[in-house]
Amino acid sequence: MEVAVEEARVRTVEPVDEILPARSMLTLGLQHVLVIYAGVVAVPLILGGALGLEQSQIVVLINCNLIIGGLATLLQTLGIWRFGARLPLIQGASFIALAPMMQIGEQYGLTHVFGSVMVAGALAIGLAPLFSRLLRFFPRVVIGCLITTVGISLMPAAAGWLGGGVGSESFGAPEHLLVGLLTVVVTVVVYVGFRGLMSSLSVLVGMAVGTVVAMLIGLSDFSGLADAAWIGIAAPLTFGPPQFSLVPILIMTLAMIVIMAETTGNTLAIGRMVETPISPRRLGNAFRGEGLATMLSALFNGFPLNAFSQNTGLIAMTRVRSRYVVAAAGVIMILMGLVPKVGAIVAAIPPSVLGGGAIVMFGMTTAAGIQELARVKYEGTHNALIVAISLSVGVLPMAMPELLEEISGPLALILESGIFLCAIVAVVLNAAINRSVDRDEDSADAADMSSDPPATSSQPSATSSHPSATSSGVTTDREKLMKDHQNSAMPIDGTNGAAEAIGLAEVTDSECVPESERTGDAVLDRGVSADDLARLRETIALADDAKNRGRHPFASIVVSADGRVLASKGNNSMPPEGDPTQHAELSAAAEAARTQSVEELASATLYTSAEPCVMCTGAVYWTGIGRIVYALSESRLLALTGDDPENPTFDLPCREVITRGQREIEVVGPLLEDEAAEAHHGFWTRQSS
């Protein structure tokens with residue numbers, strides 16, 4: 001009996017809480033450190049070079065940021081009270097804050113950087129419970145513009161290093177450019193030519209090869225390595241006590257808001273990966289942990305921290321979801337930070353090599369912003385205008401710095417920040433001109449409650465929710481409820497972050513397609529692929545087969561990201577005989593879940609001839625399938641079935657069910673409704689008669 005009880009206890013341990021043998025944890029933890037090492041040390045390395053610090057001072061910044069990153073990782077993985085998400089989140093210096101810190105450091109000095117970082121960390125703690133409300137001012141279009149501007153604004157620094165360092169006597173010499181180009185080429189070759197861990201180390205390998213070549217041709221200086229101690233730790237406030245000024249604080253606060261948005265996406269992505277629901281409380285704990293770590297970071301010569309997304313891929317590859325493995329990675333980071341010689345080696349990387357690595361890293365930041373903007377809904381909104389003006393204004397200080405030479409004082413620092421300008425313009429424009437679009441959409445919903453627009457846009461749209469009709473014909477305020485909820489949560493893309501709904505599922509709606517276009521391929525240029533339509537037509541054919549077998553005319557298939565059919569089911573429920581729960585979607589989802597990994601399911605699509613009911617939506621949600629594409633809407637189905645006792649269907653959109661959960665599921669539909677309705681014509685009339 002005692003053995004049985006003990007076995008039951010073992011089985012109740014969640015994968016995220018699993019404690020592996022020490023050797024396994026250290027080995028896997030080291031892999032995590034190697035994957036993110038280049039990103040962790042890049043920020044202090046780049047900032048120190050941009051501010052003209054001595055090599056010994058850069059070593060201090062590198063080591064301190066390693067130690068603080070390790071401590072922050074321990075806080076996020078293990079947690080203390082309401083600080084830390086208790087998830088396998090690895091922390092490091094944020095690239096989002098790099099450009100603002102460079103600007104503040106050049107204008108005010110490094111002590112003002114630390115002062116503004118300290119205040120930004122404190123604000124993150126205070127904003128943690130309110131952040132979902134603040135996010136309504138930072139929808140995907142604003143975040144996309146900001147991240148893109150961050151990447152672009154860093155490119156002048158990359159160009160300076162590529163030439164050998166601005167001010168260098170040999171600036172622009174061919175050997176500098178060739179070494180930088182070699183670094184880029186090696187990075188690309190390793191990234192494309194290898195898989196798994198080696199691919200994740202591509203930037204690190206590229207910079208290592210570039211450094212060796214630079215050393216062979218006399219471009220490296222490792223003289224500081226001999227003077228660096230083997231063991232040591234920098235004292236707090238090595239560069240002096242932090243100083244506080246309003247403008248740097250404002251700029252860093254804005255950067256911290258963007259960092260928190262990125263952390264939202266990374267936290268939810270990790271939560272899905274390790275099968276742990278991310279509630280608003282857990283997400284708030286992640287923000288508090290990040291804010292506290294950022295405050296302490298400023299005291300110990302460090303910078304703002306955020307959750308890195310690189311280790312998500314490693315978790316998927318190893319399938320080890322334990323937060324204690326990442327905690328071990330935090331310990332390794334601390335130990336590496338206690339070895340100044342390691343920092344001295346990194347600090348000796350030649351500027352041209354750093355420039356080559358920066359082109360890749362800064363370019364990836366820009367690409368992340370472009371990816372975010374690619375998911376923005378443009379048709380029927382003013383988002384294209386917001387993107388055009390915000391990005392244009394954001395690059396003005398970089399395109400022509402002389403434009404603002406006549407402006408001085410604190411205002412000059414604000415106007416010289418392309419990121420700050422982009423943020424102000426994007427937020428104001430979005431609030432001013434997109435609000436009217438929302439009102440117009442609400443009016444359109446009220447005017448035509450019978451429309452069922454299909455879906456694929458970056459943000460949830462109330463227009464895609466179907467009206468709730470009671471038997472008396474009274475329509476509820478479901479659309480307004482959904483719109484209020486969606487305005488309070490901003491999706492962010494998961495790879496770099498980024499943008500997910502706060503503690504709730506993301507429901508991705510496609511653009512509105514007129515009824516006349518829903519049954520044809522006119523939807524192809526509106527975010528729905530030809531393969532989506534082909535798969536839907538497969539389910540419609542299977543539904544017709546089910547009807548010919550005397551079953552209800554529904555069918556569903558589950559398809560992997562690479563196009564393999566994982567499950568295919570016609571409807572087997574036929575009340576009053578048989579099992580009434582054997583709906584096609586539930587059966588297909590269950591079959592796929594029995595044979596596929598969590599990662600495979602998350603990238604799979606469930607196609608169905610009709611919108612999933614509440615029961616089937618729950619099945620999709622719990623199996624972790626990442627996408628639903630449906631043909632016939634519940635409201636259209638209700639019009640076909642009427643009050644048939646064999647199909648007392650809900651008039652409840654699956655989007656509303658998913659929105660109440662904590663997982664991200666993309667929903668696309670309705671599509672091909674007229675084709676899907678054919679199988680139902682006459683069927684329910686025959687049954688009821």
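For all residues, glycine too, the Cβ spot is worked out from N, Cα and C.
Those TrEMBL annotations? Automatic predictions, nothing curated.
What TrEMBL records for 446-472 is compositional bias 'Low complexity'. Annotation source TrEMBL lists domain 'CMP/dCMP-type deaminase' at 530-644. According to TrEMBL, the feature region 'Disordered' maps to 440-477. According to TrEMBL, the transmembrane segment annotation covers 33-52, 58-75, 110-131, 143-164, 176-194, 201-220, 244-263, 324-347, 353-370, 382-400, 412-433.
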The transmembrane segment (58-75) vs the transmembrane segment (143-164): three or more C-beta pairs under 8 Å (separation of 6 or more)?
no
Which residues of the chain, 6 or more past the ends of the transmembrane segment (143-164), have a CB below 8 A from one of its CBs?
46, 49-50, 95-96, 98-99, 102, 170-173, 176-177, 180, 219, 258, 261-262, 350-352, 354-356, 358-359, 362-370, 372-373, 375-376, 386-387, 390-391, 394-395, 398, 418-419, 422-423, 426, 490, 492, 496, 498-499
Winner by Cβ pairs under 8 Å against the transmembrane segment (353-370), considering only 110-131, 176-194, 324-347, 382-400
176-194
Winner by Cβ pairs under 8 Å against the transmembrane segment (244-263), considering only 176-194, 324-347, 382-400, 412-433:
412-433
Quick one: DSSP breakdown of the domain 'CMP/dCMP-type deaminase' (530-644) into helix, strand and coil?
54 helix, 25 strand, 36 coil
Take the transmembrane segment (110-131) and find every residue of the same chain, 6 or more past its ends, with a Cβ under 8 Å from one of its Cβ atoms.
51, 53, 97, 101, 104, 237, 239-245, 248-249, 251-253, 255-257, 259-260, 264, 284-285, 287-288, 290-299, 301-304, 502
Is the transmembrane segment (324-347) packed against any residues at least 6 beyond its ends, judged by a Cβ distance under 8 Å, and which are they?
17-20, 24-26, 28-30, 32-33, 40-41, 45, 48, 55, 58-60, 62-74, 77-78, 88-91, 222, 224-225, 227-233, 311
Outside the transmembrane segment (412-433), six or more residues from its ends: residues with CB under 8 Å to it:
99-100, 103-104, 107-108, 137-139, 141-142, 145-146, 149-150, 152-153, 247-248, 250-251, 254-255, 258, 382, 385-386, 389-391, 393-398, 401, 404
